[in-house]
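Visitor: Here's a structure for you.
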């Protein structure tokens, strides 16, 4: 499977590697022969659905059909030697046409300014940002079976497209394994004498794989949005907030461990990478943090490692042990090459003492830490930090205050209670507002809070939304 997936990734846009087109073509043809047309087509559909999540079903299917066709045609013994290269070149040319039948990527136009191999490599490298809000909703059992009985192949194709485009950040082997298991369940239960009983039994069998798929999609989406270093900081912030009585030396290795796991597993073609690494990580969490917060202790009583990880992942932040009054590090500390953890220490202290969602802290820490580091490259680092320090501290404090105002009460109440209290607060602030205006404001603020005021809020979406919401806050 590992080699197959790697080669299919190469096929996506005729990705001829430096070792040569003939070498690549031979590999692809061998895998087509090994897999067979149907499995090759299925994997291609999963890959393109992930790669082009904004493409329509018809667009993705046309691309799949074309790639499978050219691979079949060019892999026959009597195929023209230039068949593979010519057909993949024609495929990339068609992708550049204004009325292209294939899915479009925002970066396609730039790739189309290149020619030949450069264009193919450019298109092969295109990636969509993570789908931070999956919209796939599984139909009811009777709807599933009705669609399956009408056309089993079309049902399978549409499911593969919809699920893969929504959960495309899950590691490819996990995504393939789950979708294959799901379709097997549908085929079994929709031909069963007791479909309802069958679905209950089969869903229980694939529950672990389903959970692994959706959760790995979520953590890998955040990793893709942040990148390795920001992801590391993000996990440090979350752990500091969940275990504010722990020490940096206890939470930093855990933040680095989960970041390394995501770095290794999110793009891995190994079928058991995530399934093997996450349980080992949960053991480290429980060994280190179960005495730091009763909620960690509760989570560590769950039956399976995956259940433990889910419990700790969704655990809310604890109440800070003391009010936030964190001093910026000095120029001596910041610029001392031996003091490698000074930025982490500042991040840790600010996070554990601040009751504000991680996306807010990550957003304000990025420019703050960058400004501190820049002082080390100035002619007089001490003077630089003395000048910037008070301004940075004021900006951080102001941003945190605004973030706390935007998310006040969200994590402490049910959503219904939160909206009720929000309505009362807005009514007190805006006594002249009409009922309709008030209702609109409540919906707007509560929608923002539901997406950006939790500990695992999506960074890409919330980055711009936070700016917009803060801009609309009245000046004190």
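Cβ coordinates are placed from backbone N, Cα and C, and glycine is handled just like the others.
Taken from Swiss-Prot, the feature signal peptide applies to 1-16. If you look up Swiss-Prot, you'll see 17-208 marked as domain 'Albumin 1', on the strength of sequence analysis. Annotation comment: Swiss-Prot describes 29-75, 74-83, 96-112, 111-122, 145-190, 189-198, 220-266, 265-273, 299-311, 335-376, 407-453, 452-462 (among others) as disulfide bond, evidence class sequence analysis. Positions annotated as N-linked glycosylation site by Swiss-Prot, on the basis of sequence analysis: 86. Annotated domain 'Albumin 2' per Swiss-Prot: 209-394, in sequence order. Swiss-Prot lists 395-476 with the feature domain 'Albumin 3'.
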Visitor: By a simple count, how many Cβ atoms lie within 10 Å of the Cβ of residue 266 (disulfide bond), its own Cβ left out?
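Guide: Within a 10 Å radius of the Cβ of residue 266 (disulfide bond) lie 22 other Cβ atoms.
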Visitor: If we check Cα distances from residue 462 (disulfide bond), which of the disulfide-bonded residues 220, 273, 299, 453 wins as closest?
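Guide: Checked the disulfide-bonded residues 220, 273, 299, 453; minimum Cα distance to residue 462 (disulfide bond) goes to 453.
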Visitor: Fill in the CA-CA distance, residue 29 (disulfide bond) to residue 83 (disulfide bond), as an integer in Å.
Guide: 12
Visitor: Looking at the disulfide-bonded residues 83, 145, 311, whose Cα is closest in space to that of residue 189 (disulfide bond)?
Guide: 145
Visitor: For residue 453 (disulfide bond), what is the tally of other C-beta atoms lying within 10 angstroms of its C-beta?
Guide: 23
Visitor: Of the disulfide-bonded residues listed here (96, 145, 265, 299, 452), which is spatially closest to residue 75 (disulfide bond) when Cα positions are compared?
Guide: 96
Visitor: Anything within 10 Å of residue 266 (disulfide bond)? Look among the disulfide-bonded residues 83, 112, 190, 273, 311, 376, comparing CA atoms, and list what you find.
Guide: 273
Visitor: List the disulfide-bonded residues among 83, 198, 299, 335 whose C-alpha is within 10 Å of the C-alpha of residue 190 (disulfide bond), in sequence order, or say none.
Guide: 198
Visitor: In the domain 'Albumin 3' (395-476), how many residues does DSSP put in helix, strand and coil?
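Guide: Taking each residue of the domain 'Albumin 3' (395-476) in turn, the totals are 60 helix, 0 strand, 22 coil.
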Visitor: Test of understanding: give the count of other CB atoms lying within 10 angstroms of the CB of residue 189 (disulfide bond).
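Guide: The Cβ of residue 189 (disulfide bond) has 22 Cβ neighbours within 10 Å.
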Visitor: Below 8 Å Cβ to Cβ and six or more residues apart, same chain only. Which residues does that give for residue 111 (disulfide bond)?
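Guide: Looking at Cβ-Cβ distances below 8 Å from residue 111 (disulfide bond), excluding near sequence neighbours, one finds 92, 96, 119, 122, 123, 126.
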Visitor: By a simple count, how many Cβ atoms lie within 10 Å of the Cβ of residue 299 (disulfide bond), its own Cβ left out?
Guide: 24
Visitor: Who sits close to residue 74 (disulfide bond): which same-chain residues at least 6 apart have their Cβ under 8 Å from its Cβ?
Guide: 25, 29, 80, 83, 84, 87
Visitor: If I take the alpha carbons of residue 145 (disulfide bond) and residue 273 (disulfide bond), what is the distance between them in whole Å?
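Guide: About 33 Å separates the two Cα atoms.
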Visitor: Between residue 311 (disulfide bond) and residue 452 (disulfide bond), how many Å separate their Cα atoms?
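Guide: Just about 20 Å between their Cα atoms.
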